[in-house]
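Here the structure comes first, spelled out in structure tokens, and everything after it is commentary.
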Amino acid sequence: MTPAGLEISGGETVLFWVVAPLMVLAALGLLFVRRAVHAAMCLVFVMISMAILYIAQEAPFLGVVQVVVYTGAVMMLFLFVLMLVGVDASDSLTETIRGQRWIGLLVGLGLALVLGGVVGRAAFPPGAGLAGGDPAGVANPQALARVLFGDYVLAMEAVGVLLVTAAVGALVLTHRRRLTPKQNQRTVAEARVKALTEGVSLTPLPSPGVYATSNAMDTPALGPDGEQIPQSVSRVLRIRGQERPAPHAGVALVDADAPTGAAAPRRGEEDV
């Protein structure tokens, strides 16, 4: 904008007609996209575009604050929450509050009528430019702070209360009750002792053993007496029917009373 005649230059006009439609499309995408991550990216684009327009209107402080505070801090916080908590792409068609859509539609229409009436009756004085709007010797950030926290201090306090209320409401809506009580060291120890009394081993699965012919996970381990240990095979493999049958887990046991030169039975042929 040229300070002399307060006329919009050609470059600023081109910038506005390029950035403004993209902002509108991104804002519509924020409303109609299905995924929360895509909606957050649309909002990031809107904020960066607003910063560009602020700088074009000779308000570099607002543009930098828009990028640093909103885009760099608030939106990155939203994205981190989406990555940590996760989102569900499916939309729920069940209304938690009966008639909430019609109530929201009526409230939105009423707000649009009020805003339309205010804007229609508003009087826009001729522009004075940034240099003419700031008092002599006062920088733009200082003048902006004086207006916000001096002339509109009540409005700023109301906005602060709304932001705190929105944060608390988001915590309440995203809070989920635990289906099971929270586990601590004492409850875990008590559960292990109770499982031990019911015959559940607290140690890892038994090893294949010195008499085993295989160390595969689907092969039962063999005890010192050559008997199979059922707990050595995972319950999942047993349910799936992937446990190796007994003949493959055979062991050759030599009779102590047999002669020294007697031939020992071959592995896998005797019954265990």
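Along the chain as shown, the residues are counted starting at 1.
Just so you know, glycine gets a Cβ as well, placed from its N, Cα and C.
Keep in mind that TrEMBL annotations are predicted by a computer and have not been checked by a curator.
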Matching 91-116, 117-142, 195-220, 247-272 to TrEMBL annotations, region 'Disordered' lands on 247-272
Spatial neighbours of the transmembrane segment (14-33) not adjacent in sequence (6+ beyond its ends, CB under 8 Å) are 8, 39, 42-43, 45-46, 49-50, 52-53, 56
